[in-house]
Amino acid sequence: MSLSQQSISIIKATVPVLQVHGVNITTTFYRNMFKANPQLLNIFNHSNQREGKQQNALANTVLQAAIHIDKLNELNLAPIVHKHVALGVLPEHYPIVGTNLLGAIKEVLQDAATDEILGAWGEAYGVIAQAFIDAEAALYKVTEEQIGGWRDTREFIVDRKVEESSNIISFYFKPADGKPIATYIPGQYITIKVPLTLENGEQRTHIRHYSLSDTPSEQYYRISVKKEDALKKSDPNGVVSNHLHANVKVGDKVLLSPPAGDYVVDQLSSNPILLVSGGVGITPLLSMAKATLAKQPEREVTFVHSSKNKQYQPFANELSQLEKSNKVKVSTVHSETDGQITKDKLEKFINPSQIKDTKVFICGPVSFMSAINKQLIELGYPKENISYEIFGPLTNV
């Protein structure tokens, strides 16, 4: 199914309007959709809604769709498709989203949202929604039919809790049914669903993605969770992470969705790898480093990690083991004593002759990734060779 040329022209003409009113439209969209369909609150991240992150992310997605409406095949749907499958998004959710999105456009733009504009966007949404539905159906099928695979959630038991630093704990999960578990590509995440009671007594399912932090195993999954400081009831950032730290114990059961995500190392490539992480952003990169050492011991890996100080430095022993292998070059920076990672410091860690061929993976706070990304580009790393993972709604760095 393709869009008519008339609809393409109309949507292109709405780009300036979306640049001005996009966030207002998506904010209105979420408000109206949740009011009419409160069950969807069990799919979306409440903190991201409260902080406006999800609204901004959706506004950017809609804007990019409008800009590329004549070349939708150029849009990278994979990150969103993986998120949707991890969250359990189904085909029947798309008409709900479409109805509320068009309604929000009309509510915000009022008379400027003519029948012609709404018709064009309705047609476009149908095409885009079908592209997502088809891609998600294919991913659901592959995920479910692989060895040890499953669909939706599966019950796991907390086998171990290990303190990695003063604010990070690793959780080891084994399947409650004792059956095989699906493997994963280093860099992927699993999704945990936690029922929590809100202040008003209402119970909601909170869903969070956590990077898998170990090399793939046939016996367990490992995630490593940071405890958030100064949690307030009025501002419940880290509500799931802090719940895991405080209340989830060895022997408890949890519900997990299968591994997902497209932020992964190409294990068929021999290109050098540069890993740069900040704080708990180390988790997917540690998995990449350990798996590469195990499967491609001759592949060059440089790992640069920044943490506040030794107290907050996670996985010190595992980083030491990587370094002792003489196959992975490890550098740690403690910002309290060493300062932030700078372009000059990065130059000391890297091999200048490999810059053009190196695949780079960055993970950490958005401000950290933005700074590192800028420094790497200034050093000559091709933009297309730099990948980053954001713990939250998709955005640019």
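Every residue gets a Cβ built from N, Cα and C, even glycine.
Swiss-Prot annotations:
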DOMAIN    2-137  domain 'Globin'
SITE      Y30  site 'Involved in heme-bound ligand stabilization and O-O bond activation'
SITE      K83  site 'Influences the redox potential of the prosthetic heme and FAD groups'
BINDING   H84  heme b binding site
ACT_SITE  Y94  active site, charge relay system
ACT_SITE  E136  active site, charge relay system
REGION    150-397  region 'Reductase'
DOMAIN    151-266  domain 'FAD-binding FR-type'
BINDING   Y189, R208, H209, Y210, S211, I390, F391, G392, P393  FAD binding site
BINDING   G279, V280, G281, I282, T283, P284  NADP(+) binding site
SITE      E389  site 'Influences the redox potential of the prosthetic heme and FAD groups'
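Location within the structure of each feature annotated in Swiss-Prot.
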residue	record	DSSP class
Y30	site 'Involved in heme-bound ligand stabilization and O-O bond activation'	helix
H84	heme b binding site	helix
Y189	FAD binding site	strand
H209	FAD binding site	strand
G279	NADP(+) binding site	helix
P284	NADP(+) binding site	helix
E389	site 'Influences the redox potential of the prosthetic heme and FAD groups'	strand
Message = From the DSSP assignment alone, can you count helix, strand and coil residues within the domain 'Globin' (2-137)?
response = 116 helix, 0 strand, 20 coil
Request  = Compile a sequence-ordered list of residues in the same chain as F391 (FAD binding site), six or more apart from it, whose Cβ lies below 8 A from its Cβ; state 'none' when nothing qualifies.
outcome  = H209, S211, V280, G281
Ask   = Counting only residues 6+ apart in the same chain, whose Cβ is under 8 Å from the Cβ of T283 (NADP(+) binding site)?
value = Y210, S211, L212, S213, I223, S224, C363
Remark   = For the domain 'Globin' (2-137), the averaged pLDDT of the predicted model is 91
Task = Sorry to bug you, but what's the C-alpha spacing from K83 (site 'Influences the redox potential of the prosthetic heme and FAD groups') to G279 (NADP(+) binding site), rounded to the closest Å?
result = 23
Request  = List the residues of the same chain that sit at least 6 positions away from H84 (heme b binding site) in sequence and have their Cβ under 8 Å from its Cβ, in sequence order, or write 'none'.
outcome  = F132, E136
Query = Out of G279, G281, P284, which of the binding-site residues has the smallest number of neighbouring Cβ atoms within 10 Å?
reply = G279
